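Asks: Feature table excerpt (Swiss-Prot):
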type	residues	note
TRANSMEM	12-32	transmembrane segment
TRANSMEM	54-74	transmembrane segment
TRANSMEM	78-98	transmembrane segment
TRANSMEM	111-131	transmembrane segment
TRANSMEM	150-170	transmembrane segment
Amino acid sequence: MQNTKLYSLTLIALGAAIIAVLSPLAIPIGIVPVTLQTLAVGLVATVLKARETFFAILLYLLLGFIGIPVFTGGTSGIAVLFGPTGGFLLAFLVMGTLISWGLHQIKYKTIPAFIINIVGHLLMLVIGTLWLKFFTQVDWSLALKLGFTPFVFVEIIKAILVTIFGLALIRALSHTNKYFTN
């Protein structure tokens, strides 16, 4: 029992570290930059189980909240987490947990895994755009233009990459560790 808890905590810390290392890398386009954050969240969600995924993302958000520069562009703090783009960050909890839970339910079958990852990434965009719209009080057209439309294609590509690499990683790890078996 102790080893299982320790292993789970280790996976949570490792998941948060992966997200934290990749998140500061960004390509600025508009108010919401294209980042490796969603790629990292998707990868963690694809490889880890829902509980570990949720807590890895929560730990990552807490690190940024307390001032460690782990958000896009090396930013951090309450103003980022609860600012105009904070909805995208908070949506990672929903995105990651949904992806992880869904993949476990379908036993990591390839085609459904692509669909689940794409839906998770698009759901994150919807939640983030809703937050952006209500936070900034812009009209729907502008909110979609700033937070959704420019990122749909990129997020679908990220979801496809995450599925390919994540499933390959799970298959490789399942030979050495029963955590990664269905």
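Keep in mind that glycine also has a Cβ here, set from the backbone N, Cα and C atoms.
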Asks: For the transmembrane segment (111-131), could you work out the same-chain residues 6 or more beyond its ends whose Cβ comes under 8 Å from its Cβ atoms?
Replies: 32, 38, 41-42, 45-46, 84-88, 90-92, 94-96, 98-99, 102-103, 143-144, 146-148, 151-152, 155-156, 158-160, 162-163, 166-167
Asks: State the non-local partners of the transmembrane segment (150-170) in its own chain: residues 6+ outside its ends, Cβ under 8 Å from one of its Cβ atoms.
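Replies: Beyond its ends, the transmembrane segment (150-170) has Cβ neighbours at 29-30, 32, 34, 38-39, 42-43, 46-47, 108, 110, 113-114, 117-118, 120-122, 124-125, 180.
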Asks: Would you mind listing the long-range same-chain contacts of the transmembrane segment (78-98), meaning Cβ under 8 Å and 6+ residues beyond its ends?
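Replies: Distal contacts: 19, 31-32, 37-38, 41-42, 44-45, 50, 53-54, 56-58, 60-61, 64-65, 71-72, 116, 119-121, 123-125, 127-132, 135-136, 147.
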